[in-house]
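All remarks here apply to the structure that follows.
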Amino acid sequence: MKFDVLTLFPELFDAVLGESIIGRARQNNIIQINTVNIRDFSLNKHRKVDDYPYGGGGGMVMMAQPICDAYLSIAEKLSYKPRVVYLSPQGRVLNQEIVKELSTEEHLILLCGHYEGIDERVIEEIVDDEISIGDYVLTGGELPAMVLIDSVSRLIPGVLSSEESYSQESHYEGLLEYPQYTRPYEFSERKVPGVLMSGHHENINRWRRQQSLKRTYLKRPDMFERLSLNEADRKLLEEALKENEE
Ligand SMILES: COc1ccccc1CNc1ccc(C(N)=O)cn1
């Protein structure tokens, strides 16, 4: 999978995407991440890429021409039109379902806005999707772009090793992860739940599913109500919630 990122701050990406899982995937060429500096496409001798908003008001707006020329510098070489995702507070909020959808693309162009945003005509001209990573305002679209690259890359075959990829299952059938423990057995007078020490895998899986159901019910009712539970799950949850009341 290939990501082309149109940004004013290409150097931001190397630090974050050079490390760990994503860094390894880049080295193994399972994913490619290329940054394009929008400022390189300014026609202005001062490399100007923003200007005052028509209609007045505070802040600056990114001009259309440098962004569209940066886009064309990529698109004109391709025989297909790559999907262009604009990271903005107005986009549909990213979730694992959208991440899965994006991971099926061969090539994504991510457009990172800055200042108060970009000239609307860029959105009309080249943007296919507007995506937000949550309802809050950031300085630029770069952090959201890194979040998108990280979450999507984890779903690309070969990026996660077999152990690492395990977490994809439990997490992403719409349930929160069960509690995790590792050595030592006792820490600050707190012991590991007995069932995890039993070696009884059926009971361990049952306990884990029960914990996931309970946590999702208690911590994320919005996620919980989207679940369709079978009888066994409903019983597991009931039992767990009864223990809570005791
Ligand atoms: C005022 O900033 C903008 C205004 C319009 C577009 C882009 C920006 C850049 N900032 C962003 C970008 C994305 C997100 C998000 N929630 O995904 C938050 N902030």
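Glycine is no exception: its Cβ is also placed from the backbone N, Cα and C atoms.
Database features (TrEMBL):
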type	residues	note
BINDING	Gly113, Ile133, Gly134, Asp135, Tyr136, Val137, Leu138	S-adenosyl-L-methionine binding site
DOMAIN	1-225	domain 'tRNA methyltransferase TRMD/TRM10-type'
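Annotated features taken from TrEMBL, shown on the structure.
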| residue | record | contacts (Cβ under 8 Å, 6+ apart) |
| --- | --- | --- |
| Gly113 | S-adenosyl-L-methionine binding site | Met62, Tyr86, Leu87, Ser88, Gly140, Gly141 |
| Ile133 | S-adenosyl-L-methionine binding site | Leu87, Val93, Leu94, Leu143, Pro144, Val147, Leu148 |
| Gly134 | S-adenosyl-L-methionine binding site | Val93, Leu94 |
| Asp135 | S-adenosyl-L-methionine binding site | Pro89, Val93 |
| Tyr136 | S-adenosyl-L-methionine binding site | Pro89 |
| Val137 | S-adenosyl-L-methionine binding site | Pro89 |
| Leu138 | S-adenosyl-L-methionine binding site | Pro144 |
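In the vicinity of ligand 1, defined as a Cβ distance under 6 Å, the following of the binding-site residues Ile133, Gly134, Asp135, Leu138 are placed: Ile133, Gly134, Leu138.
Whole-number maximum of the Cα to Cα distances across the S-adenosyl-L-methionine-binding residues Gly113, Ile133, Gly134, Asp135, Tyr136, Val137, Leu138: 16 angstrom.
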